[in-house]
Amino acid sequence: MSTGLLSVDLDALVSNWRALDAMTQGETCAVVKADGYGLGAAKVGRALARAGVRRFFVAVAEEGAELRQALGPNVEICVFSGHMRGDTDMIGDMMLTPMCNTIGQLTRHLEALPEHPFGIQLDTGMNRLGLEIDEWASVAEIALSQNCRLVISHLACADAPDHPMNRQQLEQFHLMTDGISVPRSLAATGGILLGPEYHFDLTRPGVGLYGGMPFADARPVAHLDLPVVQIRDVAEGETVGYGNVWTAQRPSKIATVAAGYADGLQRVLSDRATLWHAGQPVPLVGRVSMDLITADVTDLPDLPGSLSVLGADQTVDALADQAGTIGYEILTSLGPRYARRYSGG
Ligand SMILES: *Cc1c(COP(=O)(O)O)cnc(C)c1O
């Protein structure tokens, strides 16, 4: 095999969901947008539904339609981007629950699908999606007298527990929703970790399920192993790869490994990432190219057949730090070329 192997540990995924679920009193949903954070929404969704998840969130209606086909009729699928123009048939046929973000979306929904369930997204300060306080005041009575299933808002700074924005948004959410009888939701992964005040009736974790920060106790879900195509001896003073950016300082053994920036190992990782072999770090040397990277295996006791990028030795956030990004982006950048294997669940 010449492509990398992406192994997805569905037992770890379910165990992360259970751990987050155990921290709250209310319902714990699951966010599976962007193809389940790159790990496969259908497989991830089925494993979580078997574990007891009854409500899923996706970004757009198309993702919701695919998820419905994978999961069948017995779960609720909520769409963060709401009821967009042109989506009415899909929302109706696929039994999706749009989170209405504007008065226009709410009107479109109530006119086109009057009995059909929907939710409301409120803006409590992030200024990305949702109704502002005065808009909500003007439509709350109508919305809440219809088939409104939940009212949500989203925290901008939940990964920074001491950020004053968290409490500010919490207070705004109370101001906008206290007294309503529809279930309320404010917390994603970060919000769950902020504590019970932030939990309300249901929580919406995403990244923590997939082993990412800010859920520091998460088990790794994605394991990425790359086959070594070739190992060569490089003399002191010779260079490796495009641009000659790495020069051997000693006689070296260089492994050429089958993955590159087309597979989500960003070029910014050139000459700075770490790969692993049986618990030992192996420095990536030279430029990352489209399909290949090169690593210095001189210090390994034997010649490796493969090197690991993600898994027990390196979390998605450890790799993200090396690339100057976040675990979310590492996961959702994993390319389509890997062989994918699912275990457990
Ligand atoms: C992505 C998203 C989530 C999940 O966030 P995580 O940080 O991955 O847990 C929850 N709610 C909304 C509105 C989102 O956009």
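Note that Cβ sites are derived from N, Cα and C of the backbone, with glycine treated the same way.
As given in TrEMBL:
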- K33: active site, proton acceptor (ACT_SITE)
- Y242: active site, proton acceptor (ACT_SITE)
- R128, M290: substrate binding site (BINDING)
- 221-343: domain 'Alanine racemase C-terminal' (DOMAIN)
- K33: N6-(pyridoxal phosphate)lysine (MOD_RES)
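Taking the features listed in TrEMBL, we show where each one sits on the structure.
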| residue | record | CB count, 10 Å |
| --- | --- | --- |
| K33 | active site, proton acceptor | 20 |
| R128 | substrate binding site | 11 |
| Y242 | active site, proton acceptor | 13 |
| M290 | substrate binding site | 11 |
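When secondary structure is read from DSSP and collapsed to three states, R128 (substrate binding site) falls in the coil class. Comparing Cα positions, Y242 (active site, proton acceptor) lies closest to M290 out of the recorded positions K33, R128, M290. You'll find the Cα of M290 (substrate binding site) roughly 27 Å from the Cα of K33 (active site, proton acceptor). Annotation note: M290 (substrate binding site) sits in a coil segment as assigned by DSSP. Mean pLDDT, taken over the domain 'Alanine racemase C-terminal' (221-343), works out to 97 on the 0 to 100 scale. The two recorded residues, R128 (substrate binding site) and K33 (active site, proton acceptor), have Cα atoms 17 Å apart.
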